[in-house]
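Per Swiss-Prot, these features apply:
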{"type": "ACT_SITE", "residues": "84", "note": "active site, nucleophile"}
{"type": "ACT_SITE", "residues": "170", "note": "active site"}
{"type": "ACT_SITE", "residues": "172", "note": "active site"}
{"type": "BINDING", "residues": "224, 225, 226, 227, 228, 229, 230", "note": "ATP binding site"}
{"type": "DOMAIN", "residues": "7-196", "note": "domain 'Glutamine amidotransferase type-1'"}
{"type": "DOMAIN", "residues": "197-398", "note": "domain 'GMPS ATP-PPase'"}
């Protein structure tokens, strides 16, 4: 992206919210990247940023070993916006005063506004989300104080002439209801950055990048049925046409209709070449008698690699035979997203890609150069690009689904009968959530079969002894944390009634109301 988009750099001072800040910048139609606080001023300048945002962080600016802000950053004459710790570090570097006031503010706090570019016209008293012990007590010379709280005499300031500003609170979180507006005003009004980061522009840039990387070569992409691999494949197909071959391994652990969705909807909307590997019997055979969730995952991962490897070998050999020369499928497409890049230490998302990367346990003689067209995108951007490329909503809006599939939503041994039971219950839950218009209000809704548990019930004139089904609806922005979704009672009632009436082996439906933490989203 660097060739065409100058970024706003989010300097990460160890905040759990650095990625969220980058997302909020992009929601304001401005491209952003995360860089570590160890990045030097020279490294920052080399990226030619349009602006710099200093994130929050857990440290005190006075603590030994706390991340420091190099004052030379301000010699670059860039717009700079400080948040929480970044606000304090900015104030200190420019000659202001940061002190231990003895008053800590955590959680919801009232902010009192006194004009300014960023807050002008907004409610003069507004709720914000705070998380600080130290506070700025005197603003640097040239700054106007535009906000105060009970525990922070300087909670917001601006130096409009130098395009510098900052806030003590967290504008990036939903608990600061005017925060996105404040961030947008910094980007567009104070920094003067145009709103040019849009799905159509993103798609055009990514297609050109793939063309430049692949050239006249051939590529392979493993489709999982999920949105990431589907959008990655659609982008590459748009770029190189029938020189892309997609491989879809059906391990029998998918939800109802997902194989058909890939084979029909994806192919129809993209025109991509698709090879389907039917490995249902192979996977179920290997999973026979296995109840330990970690063992399930290992078996599924191993067998998937073997199945994909066999398909890739066949494609490589056929490609070479068709062209009358040595096989030349040089590229492997993966749906890596920006959070994966940041969390693996890639930081800015511009780390060099190894020219021949041995991926995912493939044998050493199958070496590919990675094509990762989504590596600078967040999940919501991937969906937007998918829509821009014309992928059907059934694929683009698909909820996250684990790689091991329904195997880790069956608590107990995985069998064909148990898969059929869970598949039917899951389909009912999804149908009712869609009918109620709740698909986009939840992150995902795992449906879990307690296959090794039976409960007594009464249906008709007789007693039943069936399995419980667990509904696990959760709301989240990034799956790092999640809250259970408060679904309307009438929707829950319809789901429960239909499952217990239509799924023969189930006589009880229960609701999981555990947040993450302490519970994970998936049961296994």
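Even glycines carry a Cβ here, placed using N, Cα and C.
For the recorded ATP site, residues 224, 225, 226, 227, 228, 229, 230 set the reference point as the centre of their Cβ atoms, and the other residues of that chain within 8 Å of it by Cβ are 223, 231, 335, 395, 398.
Cβ packing within 10 Å was compared across the recorded positions 84, 227, 230, and the lowest neighbour count falls to 227. Model confidence over the domain 'Glutamine amidotransferase type-1' (7-196) stands at 91, taken as the mean pLDDT rounded to a whole number. When the C-alpha distances from residue 170 (active site) to the recorded positions 84, 226, 227, 230 are tabulated, the minimum falls on 84. Fewest Cβ neighbours within 10 Å among the recorded positions 172, 228: that distinction goes to 228.
Summary: among the binding-site residues (225, 226), the fewest other C-beta atoms within 10 A of the C-beta are counted at 226. Residue 230 (ATP binding site) carries a helical DSSP state (H, G or I).
Residue 229 (ATP binding site) sits 29 Å from residue 172 (active site), counting Cα to Cα. Residue 172 (active site) and residue 228 (ATP binding site) are 25 Å apart (CA-CA, integer value). For residue 224 (ATP binding site), the Cβ neighbour count at a 10 Å cut-off comes to 19, with all displayed protein chains included. Taking the C-alpha atom of the residue listed as 'active site, nucleophile' as reference, the shortest distance to any of the recorded positions 172, 225, 226, 227, 230 belongs to 172. Comparing C-alpha positions, residue 172 (active site) sits nearest to 227 among the binding-site residues 225, 226, 227, 230.
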